[in-house]
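Among the features that TrEMBL reports, active site, proton acceptor is placed at 102. Taken from TrEMBL, the feature substrate binding site applies to 27, 28, 29, 30, 80, 81, 82, 83, 93, 94, 95, 96, 120.
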Ligand code: 5RP
């Protein structure tokens, strides 16, 4: 059921791909479906910048050229999913641990198109944990800082990011002001990035329901 919704929103995203463009590509199971859909129109695009090793592998599988972000100044569009999106189009991302590269690509993209199934679109952030990517030597010091904020840090076991770092998932955080909280957590020494995408949020959102895809801007 969820897979069917992920597939339908992935297909709907094709309508937003500019011809001859280079597209930023996110990570995760929804994006896996999207890359498959993208392969059907790959002759109309120049290629894609990937946010993870696994997305790069899928792009290679479908012979979609993978382009180094360092060769570009900006991207027309970034397409990615999220773990949660609230009614202000702010997101929690990083369930798959690719948050840092996703944030970099989002920051240089003119448009962020977020594609989710209905289960992730909620009025306000719920208790979904907020991931942070952490330099390994700082896992203890960062955990202490998180506790000071009222959060419960949980080290993600057996997981190393594409950048060679750790992930700590923060439970139980009271999110009153997501924009400020993102800035505050980003400033903790040792944190590479936080999975709150509120300062650079989605510009356009596609949400799939059983009876179709809703466009929210
Ligand atoms: C990865 C992400 C993903 O977009 C998020 O976890 C959603 O994944 P899925 O499409 O598998 O539900 O942020 O870092």
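Using the three backbone atoms N, Cα and C, a Cβ is placed for every residue, glycine included.
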Among 29, 93, 120, which binding-site residues lie by ligand 1, judged by Cβ under 6 Å to any atom? 29, 93
Of 27, 29 (the binding-site residues), the residue whose Cβ has the fewest other Cβ atoms within 10 Å: 29
So how far apart do the substrate binders 27, 28, 29, 30, 80, 81, 82, 83, 93, 94, 95, 96, 120 get, largest Cα to Cα in Å? 16
So if I measure Cβ to Cβ from residue 102 (active site, proton acceptor) and keep only same-chain residues at least 6 apart in sequence, which ones fall under 8 Å? 26, 27, 51, 52, 80, 93, 94, 197
Give me the count of other Cβ atoms within 10 A of the Cβ belonging to residue 120 (substrate binding site). 22
Kindly assign residue 29 (substrate binding site) to one of the three DSSP-derived states: helix, strand or coil. helix
For residue 102 (active site, proton acceptor), which DSSP three-state class applies? helix
Count the other Cβ atoms sitting within 10 Å of the Cβ of residue 82 (substrate binding site), across every protein chain shown. 28
Using all protein chains in view, find how many other C-beta atoms are within 10 Å of the C-beta of residue 80 (substrate binding site). 29
Excluding 27, 28, 29, 30, 80, 81, 82, 83, 93, 94, 95, 96, 120 themselves, the substrate site's Cβ centre has within 8 Å the residues 26, 31
Just counting, how many other CB atoms are there within 10 A of the CB of residue 95 (substrate binding site)? 21
Helix, strand or coil: which one is residue 80 (substrate binding site) in, per DSSP? strand
